[in-house]
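**Q** My questions all concern the structure below.
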Amino acid sequence: MGKEVKRRQKRKEDKKRIVISNLPFEVWSYKENPNRHYCGNQIKTSKYTVLSFIPKNIFEQLHRFANLYFLGIVGLNFVPVANAFQPEVGVIPICIILAVTAIKDAWEDLRRCKSDKVINNQECLIYSRKQRSYVKKCWKDVRVGDFIQMQCNEIIPADILLLFSSDPNGICHLETANLDGETNLKQRRVVKGFSQQEVQFEPECFCNTIVCEKPNNHLNKFKGYMEHPDQSRTGFGSESLLLRGCTIRNTKVAVGIVIYAGHETKAMLNNNGPRYKRSKIEQRMNTDIFFCIGLLFLMCLVGAVGHSLWNGTFEEHPPFDVPDAKGNFLPLALRGFYMFLTMIILLQVLIPISLYISIELVKLGQIFFLQNDLDLYDEETDLSIQCRALNITEDLGQIQYVFSDKTGTLTENKMVFRRCTIMGSEYSHQENAKRLETPKELDSDSEEWTQYKCLSFPARWSQRPTTVGGQARAQPLRRCHSARVPIQGHSRQRSVGHCESSQPPVAFSSSLEKDVTPDKNLLAKVQDASLWLETLSDTKPAKPSLSTTSSIADFFLALTICNSVMVSTTTETRQRVTMPPSAKALGTSLEKIQQLFHRLKLLNLSQSFSSTVPSDTDLGESLGANIPTPDSEERDDVSVCSGGNSTDGGYRSSTWDQVDIQGSGLDASLEEVLEAPALGLASPELCYEAESPDEAALVHAAHAYSFTLVSRTPEQVTVRLPQGTCLTFDVLCTLGFDSVRKRMSVVVRHPLTGEIIVYTKGADSVIMDLLEDPACATDSDMEKKVRKIQARTQKHLDLYARDGLRTLCIAKKVISEDDFRRWASFRCEAEASLDNRDELLMETAQHLENQLTLLGATGIEDQLQEGVPDTIAALREAGIQLWVLTGDKQETAVNIAYSCRLLDQTDTVYSINTENQETCESILNYALEEVKQFHGPQKPNRKLFGLCLPSETPPPTSRAAVPEVGLVINGKTLNAIFQGKLEMKFLELTQYCRSVLCCRSTPLQKSMIVKLVRDKLSVMTLSIGDGANDVSMIHAADIGIGISGQEGLQAVMSSDFAISRFRHLKKLLLVHGHWCYSRLARMVVYYFYKNVCYVNLLFWYQFFCGFSGSTMIDYWQMIFFNLFFTSLPPLIFGVLDKDISAETLLALPELYKSGQNSECYNSMTFWICIVDAFYQSLVCFFIPYLTYKDSDIDVFTFGTPINTISLATILLHQAMEMKTWTIIHGLVLAGSFLMYFVVSLVYNAICINCNSPTNPYWVMESQLSDPTFYLICFVTPVTALLPRYFFLSLQGTYGKSLILKAQKIDKLPMDKRDLEIQSWRNRQRPAPIPEEAQHTHHPVPPVPEQDFRANSPKSSSPSKYK
């Protein structure tokens, strides 16, 4: 029993890291330091050293089956009884291939090595006990347990626990752009107990022991505790950890102790570099290589059997059959086996060794042109496409399913305050709506204009009248014209922009987001609230009140306070504004207020009037200013969503604050603003740096009503009221937003009444369940009023959601002093715990966030990105199924789906909302039966569970009369589907749907859906998202695309490709995806053809040389043939060939289906090319054979014409495959052919005795003087290629392939081409659905009504759900 306890304790200790100060061990032996086992800070991302490069690189390259195969062939050639060529010569091809790859690897590794050297030699300040001061050392000398001093704008060298900050509040500000791409500043707090140091931190006095978790790659999760000499513990979390790679901002000096160093830091553990995947073509190619191996085995077996049979025809041993030393002859079977090995060496080229390196070079060329496409560059963000996965470009042309996030992917992620409801009264903000409509109209017109300029024929869905006359003629240059702009001008424009921006941009602060026009009706009520504010004091109200006046004040105070927004100024961006000690009084004088209004250019008092916070319930005595409140909760600063219906945030929880800490003397203070001299210049405008766009939108909205957030410290928040009074609230605790709770709360002490108030905002689905039960009201009138407020608020929430707005609920709660003390003690214990810390913190949050009083709700608009509807329509025409997986509520997501044309007004939309598995199954069965009545029992052209379903596509006329089907489903239903094993029925139903919308889905559910579709349907999937919550979905798909938007770069860093706009997906897939697939697929097929054709020449010769393994072509010529004469044309073909122009591919998205169906490279095309190669090799061998039959020419004189003919045939075959002809294509083909003659003439002239007894000396020179040589060099390729030419002619004349039709259109003049494309689009456009087919109601099976909605719900318009 004791051993088991010790074993458990040891396992528990293995999960911890213990760190102590290095200073006591500085003069001792290094072996006595307990920190010596931890990793140093020197990083090494390079793989090789000078000594290890050759063996290690060769070892890595031999992991490729092809390289291992050819190395085995080389070794076999050194066996005397099996060699077919000179062994030394046989080594040359594999050495060249390995050397080229090694040079590429060495160049890449050298760049990494130089980068490592620069990073490791950066300097930092490390405390030295010997010198009793901080000394400069390199980053590579930093060790765990060292004390590091950092200054403003300095990059952090390791993961450091913050112990001191020059900020009096114990705050250190970080910029994490190098880590996650977010430009807004993050706050880190000194560990509790160290924040009240008024003098410089003394490292030699640090005697504590730090216990924390083992190194891991969770950027936003960290937990541990500090054990003091008196055995007491203080907990800390990620809010006290400074991560390597971040930059110190707005803090003069910060000191900390190193916790993780080098490769154990969180940044390095997340640095996985480019991702490598196997593309679909590579998987297919590996299968076909095994077929080639089988073909090689068969040909070698024929040679071995033929050799044995041929030797058996001699009655006596022939003269060339030499016995061994004892005079014995080998048996025929053993001779046949040896000949089998010889034939493997002879025919080894059947396996294309150069194909692998050619594919790598082609993909590098494709990526180069992809990254330099100006149409995929975004001027606003100054970002172009990033290719992080180097070997799956061709998969972009075979995508069948696209899974997209909504917020920030389809939308701008620029949150604009749109509407609100307070105490059941709705304020529509019509003036603000008119302001937002103007940019929409301009964007719409400019989109049509750019489509018209890019394609001179009408677009399919752009038949809308413009709203501004003459708009098109006055449009500025936009992205879709960038192909016509020279790169020099483009770069110059960007550089000028960088020079003009002296300060980094503040996130979520565009004019669209900041400028909110107040509602007139609400302004009047705010004025009443401000008059009521004059009566507030510390006198306790007799009973709780639900008056509109007090609720309005509380509502706007909650918007202002309940967030993590940091205040800065426009003149000194990122200089935090705080209240100095002298200015932390309740208010300021009237004269100061007037100065403030004048110098800050505030809105007129009558236009921006509001109220202050009321006193609604009885409070106990003041809590005091010195409650011990440790700060150790984990905080996720990446993509934090402060609001309700989005799960786009990470985990970010409580920050405890002490209210007795003095204000900052470092930062720009409000007193400085108030005392600014009147020099005729306005005082700096306040800037708000938020961690999410939702927070910024609400703070800007409150500011529009003159509830202005002036200052924020960890202990206090200062709010300026409409009448100019500044109220400073003591912040007692902050419970940050996380995707599990879906809410945020802040606990403050009201400066007027002394009440302890909890302000909460979050998702309506969560907040509405946490409200106080109306039945607990003091009287019946109050109960009715509460129920009425909640019902009307819910009605307004539904209205906002149907309008596509993101909804948030605002609530409050007043708690007593005793209740808060008890809860605070419980919270302290949870934060100091290392085990089950997350669960305990969640439990404490649930104890506080209940019995809330509803104040109101907000509706925030997230506008669609430019070009999203057009992109979705094009992807759907291309045969791509688009699913939207979002955390937003259902009504919001459905409205956005209609706006972006994901759903159409004529669609039949099934909405499934149930948690019950049996109910879910019955609904799926009912929906399947109904859709099968219209669409038939089979879905055309899909694979289900790996099996291809029969394709029975109905004619367009009959299909047009059937309405399309859409499916809307929520996260709870997804749980029922996965837990109830209903995935097959769910997938079967989705096969009939044009679009699927999954709402309220978690990141885990997103990845599960992608994996389900990818694995069960055996389709190519693509996931696209912009936030940290999309990372799992991006990883699960065959191709992951990250959008570098408002939510940092976590999605980008986890993706295969990164783009800046969703509309770029259109050209990326339809143009570059098609080109990459078409080029590479046809190049792979050509390589198989080329090698099989050439190897068969040697095979046919064996029938005339007794299957002896000899060749009629010089071996050097054979080596040069593959390495030089026929290697460059396929590379140019794979990089530059365009079967169809970009304009035609964009205008006719259905051409993309050729890649989905693998038309260029499949089993049929592979075997056709093999058969064609056999035929051409027969022609190329037997025409010269019959020509020179019965002549006395030597073997090389016979082989040289065959070699020349085969080269001409193979190059002409390549020319027939090329769809684009430029001067580069012509020069490469002609150059390869001329190079053959030059090399052959030189080689045959100098090779007098190279291959005794037969030598190729002067053979080519003799052939060039023989007319027969020219005749067969003309007749043979024509005969060999005639069947292929005839087949291509018939295919071009009578073929029904869409690709062939598009190629014909491409050859027409511009005006005729546009007319043909327009005619094509008109034929493809579906006919309108008759009225009788537009069902507005579906019979519902006997299931609960709330579980299934197959039409428009009563609260929504009939046009939404058909």
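Cβ atoms here come from the backbone N, Cα and C positions, even for glycine.
Please treat TrEMBL annotations as automatic predictions, because they have not gone through curation.
Okay, so TrEMBL annotates it like this:
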type: DOMAIN; residues: 32-87; note: domain 'P-type ATPase N-terminal'
type: TRANSMEM; residues: 66-85; note: transmembrane segment
type: TRANSMEM; residues: 91-107; note: transmembrane segment
type: TRANSMEM; residues: 289-310; note: transmembrane segment
type: TRANSMEM; residues: 337-359; note: transmembrane segment
type: REGION; residues: 614-655; note: region 'Disordered'
type: DOMAIN; residues: 1052-1294; note: domain 'P-type ATPase C-terminal'
type: TRANSMEM; residues: 1084-1103; note: transmembrane segment
type: TRANSMEM; residues: 1115-1136; note: transmembrane segment
type: TRANSMEM; residues: 1166-1187; note: transmembrane segment
type: TRANSMEM; residues: 1193-1212; note: transmembrane segment
type: TRANSMEM; residues: 1224-1246; note: transmembrane segment
type: TRANSMEM; residues: 1268-1287; note: transmembrane segment
type: REGION; residues: 1319-1362; note: region 'Disordered'
type: COMPBIAS; residues: 1352-1362; note: compositional bias 'Low complexity'
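How about a rundown of where these features are and what they're close to?
**A** Same-chain residues lying 6 or more positions outside the transmembrane segment (66-85) and placing a CB less than 8 Å from one of its CB atoms are 91, 93-94, 97-98, 289, 338, 341-346, 348, 351, 353, 355-356, 1109, 1111, 1115.
Beyond its flanks by at least six residues, the transmembrane segment (91-107) meets 47-48, 53-54, 57-58, 60-61, 67, 70-71, 74, 353-354, 357, 360, 1119, 1122-1123 of its own chain at Cβ-Cβ distances under 8 Å.
Beyond the transmembrane segment (1084-1103), the same-chain residues lying 6 or more positions past its ends with a Cβ under 8 Å from any Cβ of the stretch are 281, 285, 288, 292, 295, 299, 303, 306, 343, 346-347, 349-352, 354-355, 358-359, 1109-1113, 1121-1122, 1126, 1130, 1133, 1160-1161, 1165-1166, 1169-1170, 1172-1174, 1176-1178, 1180-1182, 1202, 1206, 1209-1210, 1213-1214, 1217.
Here the transmembrane segment (1115-1136) has long-range neighbours at 85-86, 89, 92-93, 96, 349, 353-354, 358-359, 361-362, 365-366, 369, 1079-1080, 1082-1083, 1086-1087, 1090-1091, 1094, 1203, 1207, 1210-1211, 1214, 1217-1218, 1220, 1222, 1224-1225, 1228-1229, 1231-1233, 1235-1236, 1239-1240, 1243, 1247, 1250-1251, 1256, meaning same-chain residues at least 6 beyond its ends whose C-beta is under 8 angstroms from one of its own.
Same-chain residues lying 6+ beyond the ends of the transmembrane segment (1193-1212) with a Cβ under 8 Å from its Cβ atoms: 1090, 1093-1094, 1097, 1110-1114, 1117, 1121, 1125-1126, 1129, 1176-1177, 1180-1181, 1183-1185, 1229, 1232-1233, 1236, 1240, 1254-1256, 1259-1260, 1262-1263, 1269, 1272-1273, 1276-1277, 1280-1281.
Taking Cβ pairs closer than 8 Å, the transmembrane segment (1224-1246) reaches residues 1114, 1116-1117, 1120, 1124-1126, 1128-1129, 1132-1133, 1136-1137, 1200, 1204, 1207-1208, 1211, 1214-1215, 1218, 1256-1261 in its own chain, all 6 or more past its ends.
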**Q** For the transmembrane segment (1268-1287), give me same-chain residues lying six or more residues beyond its boundaries with a C-beta closer than 8 angstroms to one of its C-beta atoms, as numbers and ranges.
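**A** Cβ under 8 Å, 6 or more out: 1172, 1175-1176, 1179-1180, 1183-1184, 1187, 1201, 1204-1205, 1208-1209, 1212-1213, 1216.
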**Q** The transmembrane segment (289-310): which same-chain residues, six or more beyond its ends, come within Cβ distance under 8 Å?
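**A** Hits for the transmembrane segment (289-310): 65-66, 332-333, 335-337, 339-340, 342-344, 346-348, 350-351, 1088, 1092, 1099, 1102-1103, 1106-1109, 1166, 1170.
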**Q** Grab the same-chain neighbours of the transmembrane segment (1166-1187) for me: Cβ-Cβ under 8 Å, and only residues 6 or more beyond its ends, written as numbers and ranges.
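**A** Beyond its ends, the transmembrane segment (1166-1187) has Cβ neighbours at 288, 291, 295, 1085-1086, 1088-1090, 1092-1094, 1096-1097, 1099-1101, 1104, 1198, 1201-1202, 1205-1206, 1209, 1213, 1268, 1272, 1275-1277, 1279-1281, 1283-1284.
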